[in-house]
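**Q** Marked as domain 'Myosin motor' by TrEMBL: 14-686. The ATP binding site annotation in TrEMBL covers 107, 108, 109, 110, 111, 112, 113, 114. TrEMBL lists 563-585 with the feature region 'Actin-binding'. Sequence annotations record features per position, and here TrEMBL assigns domain 'TH1' to 817-989.
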C-alpha cells in the first residue's frame, strides 16, 4: 500500500490517487486518469476529501476484515483511496472535535449508492467499540436495509435494485464513540410504481418476494396464488393519456412490467432475509401479518375490474365482496379511485414501517450525542420519458449541488483563513438560477403547479403547461415546443417542457403532473380505511385527520419543504462526499464507457469541485508530515531536524529551489500551487531513496558482518562451556550410578536370606544369573546323571517351587477355564499382602497360626450381593476374611467342602462351606484378580486340590442352612456383576 505521495511514482501506470494532483485539470485528463485506475481495479479516487467511486460490476476483495483493520485510525492520505478511509476519518474527526458530520452519497441509479451506504454501516459495525447492547443497535441498523430495500426498491431499466425513495440515516454516537442509536428520514417514495411500471421494470420487490417466497399457508390465508402473472399491478397492459398524446411514449409502454423473474434477484431467499430482518427491528408477528396483509390487499385491488352501465357509470365486475364504490363514477374515475387507494395504502404503510424502525433504534438516553448522517439520495435521472418523479428528483439534485458547492467553497475558505493564506475568488457555475426557477415563491414551477391544482374549473396538465409558458417565457433555462426555435422544436412534443439543469438538458412530459402532485384520496375512502380491521391501515389513515377540511399540501410542496429541512440539517454538519459512477449501461465488468462517464462527471459537478479545490493551491500538508517524508533531500535536514518543523520545511524548499510563487507557508501547513512542483520533489525523493538505500546497504552489510563474527565467537565460547558442562555432568552421573549399584549389592548381600524385597531383588537376580552361567559350562554328560549337577543357591530353590506351583495350576485349569492361557506368563509371588498391610489388631489374632498367603478380594454379601472390598488371609489352619480391624469370617479348611469357579474369563470363586448350625454363615462368594495364584496356593496349603471344580452355566450356593441361591455366568460386550431379577448374582464376562 502506498500513501498519496508515494503513489506518484506509479502515476503513468495506475493513475493518480487524488485528482487535485493532476497536471492538467481538463475533462480529458480527468477521464484518462479514471480509466487508468479502473483498468487496474482501482475503483476509488479522491478529489481532496471527496471520494469518487466507479461501479466495477464485479466482486473485489477489498471489503474484508483485514482491509477494515488496515484503515482503522489511519491518516486520510496515508493509504490508497477507499470508502473505509473516508468513513474512518469522518468518525475520528467527529470524536476529536465532538461535532456532527454527514456523508452525502450521490450518483445515478445503478452507480452503487446503496452498496456504498451498506459498506459504511458494515465498517462502523466492525470498527466501533462493542457491547451486547451496542451490537443490538448495530444489528437493527444493518437489518433495516433489507426491510427498506424490499418495500422501497425495485428493478428499473438501469438497476436491478434501484432505491425508489431518498433515505437519510443519522447514526448516533456517545462520547466514547459507541454507536448507541439511529434515525431514518425518507423522501418521496415513488408510489406511482405501485400501479404502473415501464416496460422492462418491476414493482417494489416485496410483491414478488411474497408471491414467490411466501409459505403456502400464508398465501392461502391472504388469498394469493404463486403466480405473478395473475396480478394486474405486476403485469397488466396499460394505455394512458401519455400514449394517446404522442406515439413516442408507446415504444416503452405496451405491457406493464413483463419481468417478474430476474436472473440477478432471488425472491425466495430475499423473502427469508426480510422476515428475519423484521424480527430484528422489533416488528412482532401480529404486525408482520398485518404488513403482508396490506401487500396482498394492494395486489387484490389491482385485480378489481369495472364495467359501465347505460349512463356510463362504473359497475363492479364480478367483485361482490367490494361494496364501497357507491358514488356514480365513470370507469376512469373508478380506476383512479382504486389506484389512488392502492398508492395511499402502500405509501402510508412505508411511512409506518420507517417509524417502527426508528422506534426500534431510538436511544432514550438524554446525554449529548454526536451523529454521522448517511444521505443515500436518488441521483440525477434522465429517462426516455421523464415525468413528475424525475422532475422532483432532479430538483433535489439541483439543491444538493447548490449545497455541495457552498459547503466546498466554505470549507476551502475556512482552511485558507485558518492558515492565514489569502483567498482567491473561484469562478464556478452558480445553479441558484435553476433552483429559483423551480422553487421561487409565486413564480417558480412548483408554485404554478400548485395554483393549477387548486384552480377551480377544468385544470389539466396541458393548461398547466400553458401557464408555465406564460410565466417562464423568457427564462434562459426553460423552453417548450411553443417557445422553441425551429431546430429545437423538432426535439420537443407539444406536451413537453425542457429545463437546462446544471448537469444538462432534461425534457419532461407534463402528463400526470397534476394528478401526481394532488395525490388525492376521496374522503369516503379515507373514512372507510379508518374502520379497517387491519391495525396498521387503521393507524395510518387515522393520522391523516379525516375531519380536517383543509386541503392537504401538494406532493411537490411537501417535497420542497422536506428538502429545505434537509438542507438545514446538512448545513449544521461537517460534510463528506461520495460520488458514485456507472462504468457502463450493460452492467458488465471491465467495460469503461467514456461517453457515459463523461456525462455523469458533468452532472455530478466533479469538474466544478476539482476547479474549486485547485483554484489556489493543489497540495497542502502539515509541516511535520512534509518534513518527515522529504528531509533526505537536504543535508541540513537529514537525518534529523532539531528545530521547529516550519523552519525545517523552509530550509528544505530553499535547498530544492522552490520559486516564491510556487508555494505559501501557512500557520501549520505548506501550500504548493502546482502538481508539477510536487512531482519534481517526489521524483527527486525517489532517486535519493535509491542512493540512500545503497549507502545504507553498505553500512548495514558491514555492521551485519561484524555482528555475525561477534555472534559466532560468542557461540563458540558458549558451545565449549556447554560441552565441558555436559561432560562433567555425565561423569558425575556415572559415579552416582556406581555408588548406587555398589550400595544396592551390599544391601542385597546382607539381606540375601530374607524373603524377596526391593533391597535384595537385584542381588538375587545376579546370583541366579551367575549360577546359570556356571551351569552352562558344567552340564552333566547325560540327562540321567543326577549326581554331578551343580548345587543351586538357596534362592533358586524358590524358583523350583514356583514351577511346581505352575504345574499344579495347569492340572487344575488348563483347557477348562478361558482365562488360563493369559495367566501362564505371570509369575506367582509369595503373597499379595504383606504383614505391614494387615491391621495390627487383626494381625494379633491370627499371627499364631502362621500366615502363608494374602490377597485382596471383593466379597459379595449373601443378602443382596452387595460388593465389599476385603483382605483374604490364608494360614496353616483356616482362611480369614478381614475388614480393616475386624475378622468378618473364619473358614476352617476342615469345613471347606468344595471350591467352584466358572469356565469363563471372570475372577469369581465360591467357597462351599459345611453348615451344621442354621445360624452359621453359608457359602462365601468372592472375586479375585489373582484367581489362579490364590486357588493354587489354597489347594497346596489346605490340601484341597481335589475339591476345586470348574463349572459351566451356574453355581448353586447355600446362603444359610436350607436356603439356596445361585451365581449365573454369561458373556457380553462389557464385564459386569449385578443382582438379576430372578434374585441370582449375574456375572458377565
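Note that Cβ sites are derived from N, Cα and C of the backbone, with glycine treated the same way.
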**Q** Take the region 'Actin-binding' (563-585) and average the pLDDT across it for me.
**A** 90
**Q** Please list, in sequence order, the residues in the chain of residue 109 (ATP binding site) that are at least six apart in sequence and whose C-beta is under 8 Å away from its C-beta.
**A** 156, 158, 159, 162, 163, 378, 379, 381
**Q** Using a Cβ-Cβ cut-off under 8 angstroms and a sequence gap of six or more, which residues of the chain neighbour residue 112 (ATP binding site)?
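**A** Long-range Cβ contacts: 53, 55, 580, 582.
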**Q** List the helix, strand and coil residue totals of the region 'Actin-binding' (563-585) as derived from DSSP.
**A** 9 helix, 9 strand, 5 coil
**Q** For the recorded ATP site, whose residues are 107, 108, 109, 110, 111, 112, 113, 114, find every other residue on that chain with a C-beta no more than 8 angstroms from the centre of their C-beta atoms, and list them by sequence position.
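**A** Same chain, not in 107, 108, 109, 110, 111, 112, 113, 114, Cβ within 8 Å: 55, 159, 162, 379, 580, 582.
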**Q** List the same-chain residues at least 6 positions away in sequence whose Cβ sits under 8 Å from the Cβ of residue 110 (ATP binding site), in sequence order, or say none.
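**A** Correct list: 55, 156, 158, 159, 162, 582, 587.
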**Q** At a 10 Å cut-off from the C-beta of residue 108 (ATP binding site), count the other C-beta atoms across all protein chains.
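**A** I count 25 other Cβ atoms within 10 Å of it.
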**Q** Let me check the 10 A CB neighbour count of residue 113 (ATP binding site). How many other CB atoms are there?
**A** 27
**Q** Could you list the residues of the same chain, at least six apart in sequence, whose Cβ is under 8 A from the Cβ of residue 111 (ATP binding site)?
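**A** Set apart from residue 111 (ATP binding site) by at least 6 residues yet with Cβ under 8 Å, we have 53, 55, 379, 580, 581, 582, 600.
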**Q** Starting from each candidate's C-beta and looking 10 angstroms out, tell me which of the binding-site residues 107, 114 has the most other C-beta atoms.
**A** 107
